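For reference, the structure is listed below as structure tokens.
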């Protein structure tokens, strides 16, 4: 990092942290007691502060990572500064932990942007800093900076694991992945994503060698999406059937394999992935969640995904491949018809934005969810189009993880989209400065 960039980054991070502190103070003055799900999280953390580690609220569905980190930070600080009484582990003190996580996320997002796009010399320092600021202020995540929720810590450890993976420090990455899992069980998917990064890199190297070999041998092959898919599938089967290749991949990813094995042991012993209130968090095949995520991404990244050029390219593609898009539309309609679930919280809890989205959009008429299919198809096409710079194996791996983290969720909750959105946004090509400013 050059000195001018270092100064600019320090100024941006300091300014963002100062703004967060001012908002934090204002919110805590108005809302001193627990708010929304803090009614479960704050008393649980306070029980841990008093040394009652066997006490557990059955309504809490996540593992105790947040409470353990909170006690580990607050207790030494209380001893160092001489805090006593109700100040220690108060709602305000516990919320401050997430303010620190938010600052950590700012730094990690910058480092990830720097690492992922290091080969792109056209990207300026200002663009990197601006993108970092935009992602750190991402509304769905930033809101929970000021509340005692698991989201900022969950994002921090997952992004940290991803960064370590990109630098090839896989043992540290798996350990940080375990910390992320302790904040939210579904983060195991992003540990698999880290392992998938390694596998995708090796597959891409082998695929390039295969293509070069065919080019040198002047082997003619039919072109088209289906024939390309068959060729890639044949290559994958051939590559993974080789014991030498398998052993090489296992040698590279064994820390993640141990972590995933530990996860399955946990699921077996626990009798499921959810720790507490299982009746409200049942797994199901909720395929429209993918459509909701794509719409969510288009909404928050509209300067990149909803442009006149994108719309024009999509319409050309639609005219060129009408049968393909008709088939996608029929499949989408079927998935919405057979696999749409409405969680009781979505109908009853008016403290969440999804309550109003569902009531004002989807509940207006029974046909609304079907009428939106063209929007979903465009969102999916535009989303995939922005990832063209990544290898086919990275894209496949990301989409598998995206499906695994969204589809099993019965409840439509924007918080579940934070990590897949951030990882997507980190990996798309840097947009123009105008688009970045518009996004911010």
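Any Cβ shown, glycine's included, is placed from N, Cα and C.
Lifted from TrEMBL, the feature list:
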| type | residues | note |
| --- | --- | --- |
| TRANSMEM | 6-27 | transmembrane segment |
| TRANSMEM | 60-81 | transmembrane segment |
| TRANSMEM | 93-113 | transmembrane segment |
| TRANSMEM | 125-149 | transmembrane segment |
| TRANSMEM | 155-183 | transmembrane segment |
| TRANSMEM | 246-269 | transmembrane segment |
| TRANSMEM | 289-306 | transmembrane segment |
| TRANSMEM | 327-347 | transmembrane segment |
| TRANSMEM | 367-384 | transmembrane segment |
| TRANSMEM | 391-408 | transmembrane segment |
Notebook entry, point to check: Based on Cβ pairs under 8 Å, which of the stretches 93-113, 155-183, 367-384 lies most in contact with the transmembrane segment (327-347)?
Noted result: 367-384
Note to self: Let me spell it out: take the transmembrane segment (125-149), skip the flanking residues so only those 6+ beyond its ends count, and list any with a Cβ under 8 Å from a Cβ in it.
What the structure shows: 2, 4-5, 8-9, 12, 16, 20, 23-24, 27-28, 34-38, 41-42, 45, 66, 91, 94-95, 97-99, 101-102, 105-106, 109-110, 113-114, 117, 155, 300, 414-415, 417-418, 421-422, 425-426, 430, 433, 436-437, 439-440
Next item on the list: Report, as numbers and ranges, which residues of the same chain sit near the transmembrane segment (93-113): CB under 8 Å and 6 or more residues beyond its ends.
Entry: 9, 13, 16-17, 20-21, 24, 28, 41-42, 45, 66, 69-70, 73-74, 87, 128-129, 131-133, 135-136, 141-142, 144-149, 151-153, 155-156, 159-160, 162-163, 166, 422, 426
Note to self: Can you work out which residues elsewhere in the same chain, 6+ from the ends of the transmembrane segment (246-269), have a Cβ less than 8 Å from its Cβ atoms?
What the structure shows: 170-171, 173-175, 177-178, 181, 185, 188, 191-192, 194-195, 198-199, 202, 240
Item checked: For the transmembrane segment (391-408), sequence-distant contacts whose Cβ falls under 8 Å of one of its Cβ atoms, 6 or more beyond its ends -> 186, 189-190, 192-193, 196-197, 199-200, 203-204, 207, 232, 283-287, 289-290, 292-293, 384, 416-417, 419-420, 423-424, 427
